[in-house]
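These notes concern the structure reproduced below.
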Amino acid sequence: MGITKLAHLIHFDAPASMRSKEIGDYSGKIIALDTSIVVNQFRSALPGHLKLSPLAGLFYRTLAFLEHDIKPVFVLDGKPPHQKRAVLEKRAQSTGWSSSQSPNTGSAFNQECLRLLHLMGVPCIKAPGEAEALCAHLAKIGTVNAVASEDMDTLAFGGTVLLRQLNAKRDSEITEYSLPKLLEALQLKYEEFVDLCILLGCDYCDKIGGLGPSRALKLIKEHHTIEGVMEHVNRKTHPIPLNWQYKDARKLFFETPKIDDPVLAWSEPDEEGLVQFLCKEKPLKEERVRGRMKKFREMLLKRRKQREVNMQMGQTRQSRLEDFFPATRKRRAESAAVKESSGRKQFKIK
């Protein structure tokens, strides 16, 4: 779920903090992805073959990212916080899985993801807790350029740049959210923003009844904290949950994941290893895997040749996807907007 109606609030109250992008705009960028969210997309799109379909989807999508010169970093969930247990059980029931089948808790499936990504030469990190929290932390400390996720709680965890709908299709429209610009537009401190997210509704506790996005924002601007809101809210129209665990939720959003800064490295995919895993041990067709790898090698060769041409012409910059596909009008307009706004004040996220 993430944060209830946060995207709605941003659309109406802070549109300057979001913009439309294309996948080519992230050529050369390092992007962190919550593996469970990527896997869930393939589970819903390709029912049946519980383990194969997500692995096949992960294989094809990762190759597409690499072809676009994106450096993906996949993060696996660790042990979920106890505050999220009820939410996970509810999700499992709604999808028809048992909780043990969920990618959040399936250690065997996590090992298969690790093996696949290792064979593809892509880094994969096991988070101590929520993968989303570690993704946000990596963006906050500058290890990655952005987080690709459909869950808005990336922003509540302090992720500086969130990408939604990054699905590896060249013509798809991606929505990019900037946390510093969002705080500026809403005129909130980061700590106030986290309390706003809890008021809107998150995965870790209940929420005050009857508070919509506009009302919650108004109350936080007036009273700055949840404690201040509780002192002034009408409890008849906005009942406060019994034994409300909002402080635990707040702590989870503020908490820094206990993990050493990862050393990230990418390498060429191991085609024979991939064929052995996906086609010999799993029932994916070998001709499909080899055909996709051939297309991938051709794209890499084309990029290298273009770089050589650029070097001969005295161009030392790294080649981007725009070198192979003409820039669209939207991309040129976005580039101009970025240059125009480059001098704006930035907020530091603690």
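Here, residue 1 is simply the first one shown, and the rest follow in order.
From the backbone N, Cα and C atoms, a Cβ is placed for every residue, glycine too.
Of the residues Asp34, Asp69, Swiss-Prot puts just one in the Mg(2+) 1 site with Asp77, Glu130, Glu132: Asp34. Record note: Swiss-Prot gives Asp151, Asp153 as Mg(2+) 2-binding, and the candidate from Asp195, Asp203 in that site is Asp203. Of the given residue ranges 236-244, 245-253, 317-325, Swiss-Prot assigns the label region 'Interaction with PCNA' to 317-325.
Ranking the binding-site residues Asp34, Asp77, Glu132, Asp153 by Cα distance from Arg61 (DNA binding site) puts Asp34 first. Note on proximity: of the binding-site residues Asp151, Asp153, Asp203, the one nearest Asp34 (Mg(2+) 1 binding site) is Asp151, by Cα distance. The two recorded residues, Gly201 (DNA binding site) and Glu132 (Mg(2+) 1 binding site), show a Cα separation of 17 Å. In three-state terms derived from DSSP, Glu130 (Mg(2+) 1 binding site) belongs to neither a helical nor a strand segment and is classed as coil. Among Arg61, Glu130, Gly201, Asp203, the residues given in the record as binding DNA, the maximal Cα to Cα distance rounds to 31 Å.
For the binding-site residues Asp151, Asp153, Asp203, a Cα to Cα distance of within 10 angstroms from Glu132 (Mg(2+) 1 binding site) holds for Asp151, Asp153.
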